[in-house]
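Engineer: Dropping a structure here in structure tokens format, bear with me for questions.
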Number of protein chains: 2
Amino acid sequence: MTQLNETHAPRLTSWVTSANNNSDFPIQNLPFAVFRRSGSDEVMRGGVAIGDQVLDMAAAAGAGVFEGEALAAAKAAAQSSLNALMALGPDTNAALRLALSRALRSGAAAQSSLANCLVPQAAVEYDLPCRIGDYTDFYTSIHHATAIGSLFRPDSPLLPNYKWVPIGYHGRASTIGVSGQTFPRPVGQTKAPDANEPSFGPCKRLDYELEMGIFVGRGTALGERIDIDAAEAHVFGLCLLNDWSARDIQAWEYQPLGPFLAKNFASTISPWIITLEALAPYRSAFERPAEDPQPLPYLTSDFNTAHGNIDIQLECLIETAQMRAAGEAPARLSSSSFRHSYWTAAQMLTHHSVTGCAMNPGDLLGSGTQSGPQPEEAGSILELTGGGKRPITLPNGEQRTFLEDGDSIVMRGYCQRDGAARIGFGEVVATVLPARV
Amino acid sequence: MTQLNETHAPRLTSWVTSANNNSDFPIQNLPFAVFRRSGSDEVMRGGVAIGDQVLDMAAAAGAGVFEGEALAAAKAAAQSSLNALMALGPDTNAALRLALSRALRSGAAAQSSLANCLVPQAAVEYDLPCRIGDYTDFYTSIHHATAIGSLFRPDSPLLPNYKWVPIGYHGRASTIGVSGQTFPRPVGQTKAPDANEPSFGPCKRLDYELEMGIFVGRGTALGERIDIDAAEAHVFGLCLLNDWSARDIQAWEYQPLGPFLAKNFASTISPWIITLEALAPYRSAFERPAEDPQPLPYLTSDFNTAHGNIDIQLECLIETAQMRAAGEAPARLSSSSFRHSYWTAAQMLTHHSVTGCAMNPGDLLGSGTQSGPQPEEAGSILELTGGGKRPITLPNGEQRTFLEDGDSIVMRGYCQRDGAARIGFGEVVATVLPARV
């Protein structure tokens, strides 16, 4: 999955000219989403981003452009959820990528057939890209784990298992929504440190978490383990993920079985899934600090050591209701990168399945909050404000310790370096509504 | 849901005469499963248990016996998963129950039409009764929580939140199987207390957990809360649940985000879902010890206090490979009851949704291990053996501290008292296979 081929060539351009101007979606990207025209009652179907357009895969699959494996994959990509496409596995997915690259390239004969299969992104609405059977959230930033741990457990911020076990927990699939999601501020039980009894009411410490989402491609049966060297063949692609968190609910409920209501009210993903193949130019070595233990053999492979990391630049912004009303641009809260992850996507998937846990196409793994080593690279407001003790001042003078009603959080991601095409993730936006009381 | 009506009358008998002899499935029960003839390639479809037979709902729905709401429900019950039936809600489900009761009653005119819609239970195989979108496991036995807590955290066995919060965590839906499930012993990371580093290999402390499963009926949208008084209208029914657990993996991984791989390799449910309406004669008051705090108002209602409990007798048995080879009956490990639950089904569902978490028809809530107050009423072998320190001796002389390869665990449940028909749950059986190494 790190082999470069003709689809990655930086010089490639598309006859969809908006793809050629430092777009998130150049011809080297070709991510998948599920969409329809905004406000229409059209059926949802798969689409591929190219520049500022969506290639409607339902239309494209019938345009006579694709054949063989690529046609089979194009038909799967035309469905209202991408699970069938994901299940086809990397070779068939690669065949479709190659065919799409050739058909969308400048000068391609397919231009005449596909030109009327385009819909402007500005005119579409998205759905979840697939049925997410199970959602698992990991905890792979050691910087986040240490920072959060010092707030929840000052005596033992980083627990003894952290450097050995890719810590994760099962999440709630029913409340995962696509970018544009809104949700009421959760209510629930909390207990002030000095109170004798818990109280009930709207969450006062509402937070976001800046994460990567990893979609499982080809699945496994119960009892089957995914070898570390085979793991990437079971990954379809990546998206952006905001794993909303209610910190005050979490603090009171999470012992001994982990976060539950603190996390089950909403999680928001970006509409576009960037395939692992598109990310090939941005792979790098997976390195552990020399003083840290090396992973156990089942989590180690030469491939993972040489190529495990993916340098995805991440940024998180806030747009308050006041900023929105004034027409001001969202303000940046922090920047980070997926390269700070203490565990790779392959290690997460291998660990997850080591017990024989069945993985299904469309299952979603969250990376955990991707905080970087510097305090300003924190992926949650809890970290940025030192547990709510040091308010942030926004450019318009507003202050925040935690999120307020009407706040939208925007997350963006992209890969960029000299000698390779930019691979963008687009963005994920979601907005906090007032609690229903 | 506690109102008795003509379907509960103890004197009722069925023209399916095997239903009339202290069966788990008398005419007062009428539980649902999904089945086909064993070894056939028939489509899976819904069925209703009556005595030792299954009423094939696909055949029955076309037999001209049902009409109106009951016919709509019968058609939903004929599908290959029961999600649509569950979504119809309690009134429509009650209409089908009444129609089934009248059609299967001794002397019913429908006998001639339905007699050839029966398939012997001995000749069928079951599937999961529905698509389980999300699975949540609670922790509602205070006896279990205290016993487990004293093994994992001797200093603080019962945490301060236990009596306030119905503690739960999200589980893995992809590995839930129906009775008859087999699974390889999980492998994973463990760390001996005196070891410097973790090791990798097959689980050495494999355990079962005796639980009730609660199936969500009518669902809710994101942002919607389920009021405690409305909660039972969102419960379709109950089943038996064995929530297999790898204790050594759990001990090393569970801090700080809860059980993950220790629980994700298999969970087994009984094929039959007993509707809440069938359990009406076995409801009783939900009582807290006077010295314990009363639940917060959102978890309290007069109805829940007066009727929240359900007295379901539970038993757990083991059949080792040696016993199976010798043709010996399974040996009882323990007995308990769902009435020992510290939280009711309504409280679990209300708490789960209080943040606005969307609940979908077919979602499964596990009650947590239903250990009773006496040591011999423990619902896990970890408790029965004092953390693996006091082996159990089985009737054939074999000993167990934890489960061995080839062991089958059998769980049974039933409601029984004078003046009401027995309502049985049937059983759930599953077998541990050797680890794949």
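Here the Cβ of each residue, glycine as well, is placed from N, Cα and C on the backbone.
TrEMBL: automatically predicted annotations, no manual curation.
Reproduced below are the annotations present in TrEMBL:
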- A:28-129: domain 'Fumarylacetoacetase N-terminal' (DOMAIN)
- A:Asp137, A:Glu209, A:Glu211, A:Asp243: Ca(2+) binding site (BINDING)
- A:Tyr139, A:Arg153, A:Gln250, A:Tyr254, A:Thr369: substrate binding site (BINDING)
- A:His144: active site, proton acceptor (ACT_SITE)
- A:163-432: domain 'Fumarylacetoacetase-like C-terminal' (DOMAIN)
- A:Asp243, A:Lys263, A:Ser267: Mg(2+) binding site (BINDING)
- A:367-392: region 'Disordered' (REGION)
Engineer: What subset of the recorded positions A:His144, A:Glu209, A:Tyr254 has a Cβ sitting under 8 Å from a Cβ of chain B?
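Structural biologist: Answer, by Cβ distance to chain B: A:Tyr254.
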Engineer: Using C-alpha atoms only, work out the spacing between A:Tyr139 (substrate binding site) and A:Ser267 (Mg(2+) binding site) and round it to an integer in Å.
Structural biologist: 15
Engineer: Around A:Gln250 (substrate binding site), which of the listed recorded positions (A:His144, A:Glu209, A:Glu211, A:Asp243, A:Ser267) come within 10 Å, judging by Cα atoms?
Structural biologist: none
Engineer: If you count the C-beta atoms lying within 10 Å of each candidate's C-beta, which of the binding-site residues A:Asp137, A:Glu209, A:Glu211, A:Asp243 ends up with the smallest number?
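Structural biologist: Counting other Cβ atoms within 10 Å of each of the binding-site residues A:Asp137, A:Glu209, A:Glu211, A:Asp243 gives the minimum at A:Asp243.
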Engineer: Restricting to the binding-site residues A:Arg153, A:Asp243, A:Tyr254, A:Thr369, which ones have a CA within 10 Å of the CA of A:Ser267 (Mg(2+) binding site)?
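Structural biologist: Near A:Ser267 (Mg(2+) binding site) by Cα: A:Asp243.
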Engineer: Measuring Cα to Cα, tell me the gap between A:Glu211 (Ca(2+) binding site) and A:Thr369 (substrate binding site) in whole angstrom.
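Structural biologist: A:Glu211 (Ca(2+) binding site) and A:Thr369 (substrate binding site) have their Cα atoms 5 Å apart.
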Engineer: Non-local Cβ contacts of A:Thr369 (substrate binding site) (under 8 Å, 6 or more apart, same chain)?
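Structural biologist: The list for A:Thr369 (substrate binding site) reads A:Tyr139, A:Ser141, A:His144, A:Ile148, A:Glu209, A:Leu210, A:Glu211, A:Asp243, A:Gly379, A:Ser380, given in order along the sequence.
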Engineer: For the region 'Disordered' (A:367-392), jot down how many residues DSSP puts in helix, in strand and in coil.
Structural biologist: 7 helix, 1 strand, 18 coil
Engineer: Can you give me the Cα-Cα distance between A:Arg153 (substrate binding site) and A:Lys263 (Mg(2+) binding site) in Å, rounded to a whole number?
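Structural biologist: Cα-Cα distance, A:Arg153 (substrate binding site) to A:Lys263 (Mg(2+) binding site): 19 Å.
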Engineer: Which ones in the same chain are close to A:Lys263 (Mg(2+) binding site), with CB under 8 Å and 6+ residues apart in sequence?
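Structural biologist: Same-chain residues close to A:Lys263 (Mg(2+) binding site) (Cβ under 8 Å, separated by 6 or more) are A:Asp137, A:Gly171, A:Arg172, A:Asp243, A:Trp244, A:Ser245, A:Ala246, A:Gln250.
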Engineer: By DSSP assignment, list the helix, strand and coil residue numbers for the domain 'Fumarylacetoacetase N-terminal' (A:28-129), in that order.
Structural biologist: 45 helix, 24 strand, 33 coil
Engineer: Please determine which of the recorded positions listed here (A:His144, A:Arg153) has the lowest count of neighbouring CB atoms within 10 Å.
Structural biologist: A:Arg153
Engineer: Cβ within 8 Å of the Mg(2+) site's Cβ centroid: which residues qualify beyond A:Asp243, A:Lys263, A:Ser267?
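Structural biologist: After dropping the recorded site residues, what remains is A:Asp137, A:Gly171, A:Arg172, A:Glu209, A:Leu241, A:Asn242, A:Trp244, A:Ser245, A:Asn264, A:Ala266, A:Gly366.
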Engineer: Report the residues of the chain - excluding A:Asp137, A:Glu209, A:Glu211, A:Asp243 - with C-beta within 8 Å of the mean position of the site's C-beta atoms, for the recorded Ca(2+) site, in sequence order.
Structural biologist: A:Leu210, A:Leu241, A:Asn242, A:Ser245, A:Lys263, A:Ser267, A:Gly366, A:Ser367, A:Gly368, A:Thr369
Engineer: Rounded to a whole angstrom, what is the largest C-alpha distance between any two of the residues A:Tyr139, A:Arg153, A:Gln250, A:Tyr254, A:Thr369 that the record assigns to substrate?
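Structural biologist: In whole numbers, the farthest two Cα atoms are 18 Å apart.
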